[in-house]
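A.B. asks: Residues or ranges marked as transmembrane segment in TrEMBL: 6-30, 37-57, 69-87, 99-115, 121-141, 153-177, 189-214. Residues or ranges marked as domain 'GGDEF' in TrEMBL: 284-416.
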Amino acid sequence: MNDASIRLLLSLIAPSVLMIFTAAFIGAWLKDRERHYLLLMAAGCLLAPIGAIMQILQWPSGDGRNALFSNFFYTSAILCAVEGILLRARRPIGFKRDILLLTAFMALIAYYFYVDRDVLMRVYIQNAGYGALFITAALRMRKHLEQRTINRALFCFVLLFGLQFIVRTVLTIGLNPPHGVPAFGRSEFWQYLMLTNGILGPALALTVLAAAISDIISDIQNERDIDPLTGILNRTGFERRSSKLFLSEDRRASKANKALSATAPTSDIAVDGEAKTTGRFPWTYSSLIVCDLDHFKKINDTYGHLAGDEVLATIGETLKQHTRKQDIVGRIGGEEFVIILPGVTMEAARLFAERLRLAVAACRFSFAQQDFHVTCSIGLTTFTENSNFLNTFAFTDELLYEAKSSGRNKIIARTARS
C-alpha cells in the first residue's frame with residue numbers, strides 16, 4: 001500500500017465512523033423525540049464528514065471555493081455539536097448567535113484566501129475558533145449539570161476535544177505553509193488532524209450518546225420512583241432510597257459524611273459529628289419524621305380534589321425547600337409524608353420539625369382566602385445502625401397518631417424503643 005492510499009485511508013476513518021453515529025443519534029431521537037439535542041448531534045456527525053469528503057475529493061474544484069464550502073460544513077458541524085451539548089445542559093447558545101458565528105468564520109476564511117492569502121491564518125481561525133467553542137461549552141455546561149459520572153465524563157471529553165484544537169494551532173507556529181490543497185493534504189499537520197479527529201471525534205460522539213441513554217434511563221427511574229404531583233419520592237422510591245441508606249458501602253459512607261460536614265447553612269440542620277465509617281451505616285444515628293396533613297379530607301370535600309392536589313403539590317415543594325440533598329423525602333400515602341434525616345440528632349430534628357410545621361401553616365393557596373391554613377401533625381424519633389427500620393417506622397407512626405389524637409398541629413418526639 002503506497003503513501004497516497006494510507007493517507008486516503010486515514011482521511012476516511014473519521015467521516016465513516018461519524019456517519020455511523022449520525023444513524024445512532026437519529027435512532028435514539030426516534031425513541032424519545034423530546035430530546036432535540038440528539039438531532040443537533042446527528043446533524044453535526046453528518047455535516048463534518050461532508051466537509052472532510054469535500055477536501056479529500058477536492059470538490060468543488062478550485063482552492064478558494066473548496067476552502068469556503070468545506071469551512072461552511074465544518075463550522076456548521078461544530079456549531080451543531082456545541083449547541084446540542086449545551087441544549088442538553090439547558091444552556092444553548094441560540095440560533096441567532098450560531099448564525100453570527102458561522103458568518104464570522106466564513107468571512108475570515110474568505111478574507112484570508114481572496115484578500116490576504118494565508119493558509120496558516122485559515123488554520124489558526126478554524127482550529128483556535130473551534131477549540132474556543134468547545135472549551136466555552138465545557139465551562140458553560142459544568143455549572144448546570146447534575147453531578148453524575150456520565151456528566152463528568154462528558155465534561156472531560158468536551159474540554160479535551162477543545163484543547164486538542166488549541167494544541168494543533170500551536171503546532172503550526174513556525175511551519176512553512178504548504179502551497180495548494182494537494183500539498184496541504186500530504187502535510188504531516190493534515191495527517192495528524194485526521195488521526196486525532198478519527199479518535200477523539202467518535203469518542204466525544206459516543207460519550208454524548210451514552211449520556212443520552214443515561215438520561216433516558218434516569219427519566220424511567222424517575223417515573224417509577226417520583227410522585228408526579230409533589231415532585232418527591234413515591235412509596236416505591238422512598239423504600240428504594242431508604243434501603244440504600246442501610247446498604248451503603250464504606251467508601252460511599254465516607255463521602256456522605258464529608259457531604260454532611262459541608263452542608264449549606266440554608267438547611268439549618270445539625271448533624272452528628274462522630275459519624276461512623278467502619279460499618280455500612282454512615283452515621284451513629286439519624287432521625288425519622290412522619291408527617292400527616294390535618295383534616296385533608298375536609299379540604300377535598302369543601303374545595304374539591306383539584307384544591308387538594310394544589311395543597312399536596314405545595315407541601316411537596318415546601319418539603320424540598322426545607323431539606324438537604326442527602327435527606328430522603330417521600331409521599332407514602334394520600335396526605336402522609338416521611339423524611340429521613342441522616343446524621344441528625346433528636347434535638348436538631350425537633351427544631352427542624354418545628355420549622356417545617358410552621359412552614360406548612362404559612363403556605364397559601366389560590367382557592368382560599370388568606371386566613372385559610374393547612375396544618376400538619378408530626379411524629380419524630382431517632383434510630384441507629386442497629387435499629388430495625390420497619391419497627392422504627394411503626395413506632396414513629398404511633399407517635400404521629402398520638403399527635404393527631406391529642407389535638408393535631410403538633411409534634412410528638414420520643415426515642416424509639418430498643
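The backbone N, Cα and C atoms fix where each Cβ goes, and this holds for glycine too.
Walk me through where these features lie, including what they touch and how far apart they are.
C.D. replies: Remote same-chain partners of the transmembrane segment (69-87), defined as residues 6 or more beyond its termini with a Cβ less than 8 Å from a stretch Cβ, comprise 36-41, 43-48, 50-52, 54-55, 60, 93, 98, 101-102, 105-106, 109, 122, 126, 129-130, 133-134, 136-137, 140-141, 154, 158, 204, 208.
Packing against the transmembrane segment (121-141) from elsewhere in the chain are residues 67, 71, 74-75, 78-79, 82, 85-86, 88-89, 91, 101, 105, 108-109, 112-113, 154-155, 158-159, 161-166, 168-169, 172, 189: each is 6 or more residues past its ends and has a CB under 8 Å from a CB in it.
Within its own chain, the transmembrane segment (189-214) is flanked in space by residues 7, 10-11, 13-14, 17-18, 21, 24-25, 28, 35, 37-38, 41, 45, 48, 52, 81, 84-85, 88, 123, 148, 150-151, 153-154, 157-158, 160-161, 164, 168, 171-172, 175, which lie at least six positions past its ends and keep a Cβ under 8 Å from the stretch.
For the domain 'GGDEF' (284-416), the model's pLDDT averages out at 94.
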A.B. asks: Looking only at residues six or more beyond either end of the transmembrane segment (99-115), which have a C-beta under 8 A from one in the stretch?
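C.D. replies: Result: 63-64, 67-68, 71-72, 75-76, 79, 93, 121-122, 125-126, 129, 133.
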A.B. asks: Under DSSP, the domain 'GGDEF' (284-416) has how many residues in helix, strand and coil?
C.D. replies: 59 helix, 32 strand, 42 coil
